[in-house]
Structure formats: C-alpha cells, structure tokens
Amino acid sequence: MGGTHFADDDLAHEATGDGDVGRRDVGKMEHGCEHYRRRCKIVAPCCKEVFPCRHCHNDATALGDRHNICRQDVEKVVCVLCDTEQPVSQVCVRCGVNMGEYFCDVCKFYDDDTEKGQYHCHDCGICRVGGKENYFHCAKCGSCYAVALRDNHQCVEDSMRQNCPICYEYLFDSLKGTRVLNCGHTMHMDCFAEMVDHNKYTCPICSKTALDMTVHWGMLDQEIEATIMPPVYRYKVWVLCNDCNKVSEVDFHVIGHKCSHCNSYNTRSTSRPADLSGSSSPLTTDSS
Ligand SMILES: [Zn+2]
Ligand SMILES: [Zn+2]
Ligand SMILES: [Zn+2]
Ligand SMILES: [Zn+2]
Ligand SMILES: [Zn+2]
Ligand SMILES: [Zn+2]
Ligand SMILES: [Zn+2]
Ligand SMILES: [Zn+2]
C-alpha cells in the first residue's frame, strides 16, 4: 500500500515544534481497508488479534468462530506508520501522526476520509456519516434521519433497529444507505432499488405502497377505461385496500381494482364485510 515511512532519528527533531501540524498529516488517506481510510489497526478486544477495522474482524471470523466486536470495547490500536501498540487516542504517542483525521473517543473510531461527513450522535450512541447538519435524531424512530424527513415521515417505533426486510442485515449501524418508505418502515437504499427493479412497489413488512404512485395509478385508470370487460364479467367485487385499510365494493376488472376511498390500486379481494351482509351473519350483533 506504499505508505510513507520515515527513520526514527527524523522523529526526534520533528515530533515537536513547528513540524507537528505537517507531521500529523503524514500518510493521510494512504492506509486502511475496504471500509475505512485510517492509519491504525485495532487490537480486537475479544481474540487479541490485529485487524484494520472491526468490520474486517467480523468478516474474518464469520466463517469460523463467529463473534463481533463491540466498538466501544476497543482499547488498543497499532499505528500503521511506526507499528507501535498503544491505548486508543487520535495522535500516535510515538510518531505523532493523526491515526485518523476524524476520531471519536466514544466509538474508538478512526477515518481519514472526512468527506464522508462523520459525526457522533449521542442519542444513537454511534458515529454516522452524511454531515451533522443534514441529519436530525428522531426520538420515536430511534435513529438519525435526513432533515427533509423532519415532521415529514411516518414514525415507526425503533424502525431502524430491525433487519432490512430484503437482505436481513441489521439496519441501525449498517454502512449502507437506508431509505424510509411512506409507511415509515426502513430498508437499504440498494435493496429498495432492487425491489423496484423487480416491479414490486409495496412494503414487504406492511404491504402499503412504498413510493408515490400517482402517475402509475393514472396510467391504470386510462388502461381500465380503454379495456371494456365482456358482459359476463360485469359484476361487483369487494376489495380491501392495503394503503388505507378500508373496504369498498367496485366493478370487477382484470387490470386492477381501485380503492374508492384513497384511489390506490394496492388492493386485494376480500369477502363482503360482515356488518353489511345482512341478518344471516353470525358475526353481526344487533346493538339497537
Ligand atoms: Zn475494514
Ligand atoms: Zn505511529
Ligand atoms: Zn462515535
Ligand atoms: Zn441519532
Ligand atoms: Zn420518526
Ligand atoms: Zn438490505
Ligand atoms: Zn411498511
Ligand atoms: Zn384506500
């Protein structure tokens, strides 16, 4: 990885005085792993082995004796430039480099690539990316969301403290971007895109429509208008709307059934509701 190395006697006269600022930047962005740019490796608190980061550790142990590192438990790091093992801190005690341009003392987290906009959210208890100014912590959902969603999303308690319904990875501290659906449920952005690619537009958890379908519903309206059903199929059916949870009685059509309350085509056929089915239903009790 072609890092910048320097002789020990250089350190003696440059680690103090004016050289400090330049010294801190030595090797910046030149070291790290597929997950982070950083100038230290961590000593795994569990198995005492040295890894570039906790994800590398978790991946490496995934096939055998699987165990994950709890980020706060990391106590020791090894400077990549001078190979010195030392307690967690931003600046190497021996050679004086920043082992991470961004450093969080709570998460024992280092990253040289500050373009990611890392910040520590005290409510989440972890470091996040994307710039503190672009996110707010929603106490009800229990996670940081984009500011555009402030007072503008369906809160689902601990929505992010679940596995992605598509790939089953735990969402809360996933390195991948996440998306909040209209219903408030969450999944990875990539997993969402893949779902839409497969022409699936509903939330896998609650079946509600996951994105704005106004245009698509308009197209269905036109298609239905243009497709007259033969007389034998001209009858009414009951549908339950997955979006507003109401039932309506609509004309049967092969293309789709539109909810007469909210105009969604995200409906499924249902039986005639008990309270409308007349006195024969055992479920109906006369309250008058
Ligand atoms: Zn890594
Ligand atoms: Zn060092
Ligand atoms: Zn942190
Ligand atoms: Zn947060
Ligand atoms: Zn919320
Ligand atoms: Zn996923
Ligand atoms: Zn949902
Ligand atoms: Zn509806």
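Every residue, even glycine, has its Cβ placed from backbone N, Cα and C.
The model shown is predicted, which means the values in this text are computed figures rather than measured ones.
What TrEMBL lists as region 'Disordered' is 1-23 (among others).
Annotation comment: TrEMBL describes 26-97 as domain 'CHY-type'. In the domain 'CHY-type' (26-97), the DSSP tally of helix, strand and coil residues is 11 helix, 16 strand, 45 coil.
Looking only at the domain 'CTCHY-type' (99-163), the predicted model's pLDDT averages out at 96. Look at TrEMBL and you will find 99-163 tagged as domain 'CTCHY-type'.
According to TrEMBL, the feature domain 'RING-type' maps to 164-207. Helix, strand and coil counts under DSSP for the domain 'RING-type' (164-207) come to 9 helix, 8 strand, 27 coil.
Taken from TrEMBL, the feature region 'Disordered' covers 267-288 (among others).
Look at TrEMBL and you will find 275-288 tagged as compositional bias 'Low complexity'.
Away from its own ends, the domain 'RING-type' (164-207) comes close to residues 35, 55, 124, 126, 141-143, 145, 149, 153-156, 213, 216, 242, 266 of its chain (Cβ-Cβ under 8 Å, at least six residues beyond either end).
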